[in-house]
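Participant: Here you go, one structure.
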Amino acid sequence: MLSVTAATLKSQKKALRKAVSATLRNLEPSSIQEQSSAVTAKILSLLSFRQCKNISCYLSMPSGELDTSEIVRAILRAGKTLYVPKIDVTKDGKMDFWQVYDEEDLESLPGGVWGIREPTAEYKCVTRLNALDSSSGIDMILLPGVAFDRTMSRLGHGKGYYDRYINSYIASGRPRPLLVALALREQLIDPTFITPPELDTSAIVPMAEHDWKMDLIVTPDEVLHVEATK
């Protein structure tokens, strides 16, 4: 049975997730595209992005989320190695990052969980490279989320895929990748955000010990750095 603290944290996360998700569902597609273009430009201008050779980026949901289509194309066009997530629903929601090789490959990916495109096990009769099997690993992970705040906290969709993956990746002895969240401006929560009464606003985005904080959060208006919290 959950302790009172764990149960309260779970309730707070659920309340914030519900409130922000409702806001995102009401966004006009034109607003999402405009914001996505602004975030893409900021990502491509980051020195850390330009220096990274191996990048993981999620493929966005059909609606209600920042569109990453231009970012993933830019990664491939820059000659960088692109990894995208694939969820194995038969293994308790295990997530792996598999390589996508070129734009033709990218465009041919079929829809998977929640309508998100995912890589197949093979491309042109060759088994895809799993990031955990790569000698070079991952330099940067571009993460989705539901809500973020200026303490670099992230609220995901509640499945724990990224937190588990990052833990297992680091446990394999590899260096920690740079964690970069991509956010619409409506997803960056501040004290003026109208929260449900059950949400404790002293911790704007509730965090458990196993939740990873971000190194950067990129919105259409700014790039938040971990140094900003010091």
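Cβ from N, Cα, C; glycine included.
All TrEMBL annotations are machine predictions without curation.
Remember, it's a predicted structure, so these values are computed and weren't measured experimentally.
According to TrEMBL:
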- K13, K14, A15, L16, R17, R154, L155, G156, H157, G158, K159, G160, Y161, Y162: ATP binding site (BINDING)
- L59, E65: substrate binding site (BINDING)
Participant: Sorted by position, what residues of the same chain at least six away from L155 (ATP binding site) have a C-beta under 8 A from it?
Facilitator: K13, L16, R17, V20, G145, V146, A147, F148, V205, P206
Participant: Whole-number answer please: how many Å between the C-alpha atoms of H157 (ATP binding site) and E65 (substrate binding site)?
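Facilitator: Answer for this pair: 12 Å between alpha carbons.
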Participant: Suppose we draw a 10 Å sphere around the Cβ of Y161 (ATP binding site). How many other Cβ atoms does it contain, all chains included?
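Facilitator: A 10 Å sphere around the Cβ of Y161 (ATP binding site) contains 18 other Cβ atoms.
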Participant: Mind computing the max CA-CA distance among K13, K14, A15, L16, R17, R154, L155, G156, H157, G158, K159, G160, Y161, Y162, which the record assigns to ATP binding, rounded to whole Å?
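Facilitator: Output for ATP binders K13, K14, A15, L16, R17, R154, L155, G156, H157, G158, K159, G160, Y161, Y162: max Cα distance 20 Å.
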Participant: Return only the integer: C-alpha distance in Å from A15 (ATP binding site) to L59 (substrate binding site).
Facilitator: 26
Participant: Out of K13, H157, K159, which of the binding-site residues has the smallest number of neighbouring Cβ atoms within 10 Å?
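Facilitator: Checked K13, H157, K159; of these binding-site residues, fewest Cβ neighbours within 10 Å: K159.
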